[in-house]
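Per TrEMBL, the feature active site, nucleophile maps to Ser236. The active site, charge relay system annotation in TrEMBL covers Asp259, His314.
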Amino acid sequence: ADPMSLPRLGRGSMGGMLALPQGKGPHHVGCTDVMVGHTRQGLFLRLFYPCLLRAGATEPLWIPRSEYCTGLADFILRRRWCSALLSITIGSCRVPVSWNGPFKPRSRGYPLIIFSHGLGAFRTLYSSVCTEMASWGFVVAALEHKDHSAATTYFCTAEAGREEWIPFQRVPQGQKEFYFRNKQVHQRAEECVRALRLFKDIASGKSVLNILHQDWDLSVLKDNIDLTKVAVMGHSFGGVTAVLALVKEPSFRCAVALDAWMFPLENLLYPEVPKPVLFINTEKFQTPESVAKMKRLSSRNSQTKIITVLGTVHESQTDFAFLPGKLISRIFGARGTLDPNKGLAITSRAALAFLQRHLNLEEEFDQWADLLEGVGDSVVPEAPFCRSNL
């Protein structure tokens, strides 16, 4: 079937609320949830991967369950009562991927991206960029962090059917924000490393139990991931998490940091970042201090790049960019002027060109390499306020 003839997503009764784009790459995209372990030390992630087209595939909900609406309402609006409103407006939106679709094998294996979400987010809120990367032939593991930085998350205890929820936590009164966030970023980076170990276990033939009991067997990944080609990627708090993960795990060959919030990283660590980072910033979020930290890394590594996408705000790099204007302006109070589809194209193409270079891929993503120098429509090198005020 022609992919364009699939029903457009989210056109249910309220579904006009969100239309996430389909991936533009050559692969159809499948998606499944993976939970491993019965404690806080376990892992919870959503996997996006190239899949075979199958008739009658269902599309997963964008907000996986109502608890996440409550968490979002609490985080964004500090008002839990808005969660019913959020449920009504965005609760029925779906992601244009095949839920539990059959994995598409590839003899030389797909490169792997571990993805880290921002503060107050969770594993599904970057479905647009994760879908896009998977459509170009990556397996993308979007983590849900258990450091109290997600809007909410949970794990299933060993007791049958019991869930333990981990709510979002604000900085405790009287505690310095840096120490609170620094502890979190270390936990998050450790989770990225554990996620990579999970894939190494699967690749080595270990039997890994997905306790969400979905009829999707993780062992299909065994010979289909190229563990010599692994990157880490994230947005905001997840962007700085990706940078720290490079320090903790030599198998990560590079990082893509979307509008990284550099504040939580201790200064001692900057000289330790050994691998290249691509910083893709939005126009309205970064501070001079944050950019100075990025420049410390680029001054040490000529392969580290900093670019800014014009006409974008911090939320432009999340799925919220695809909510209709009035709704997102009400929720966030700001909206980028750049068309979100164009913003996603710039972000993903720059990321693909960077990964081509540092994972030694056999693709032709270097056709977009100019973006890495900040050359192109709606993109500039460095950060906006480093430019002279001409």
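Each Cβ is built from the backbone N, Cα and C atoms, and glycine gets one as well.
Annotations in TrEMBL come from automatic prediction, not curation.
A quick note: this is a predicted structure, and the numbers were derived from the prediction, not measured.
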Using all protein chains shown, find which of the active-site residues Ser236, Asp259, His314 scores highest when you count other CB atoms within 10 A of its CB.
-> Asp259
Quick one: pull the CA-CA distance for Ser236 (active site, nucleophile) versus Asp259 (active site, charge relay system), whole Å only.
-> 5
Asp259 (active site, charge relay system) sits from His314 (active site, charge relay system) (Cα to Cα, rounded, in Å) at a distance of 7
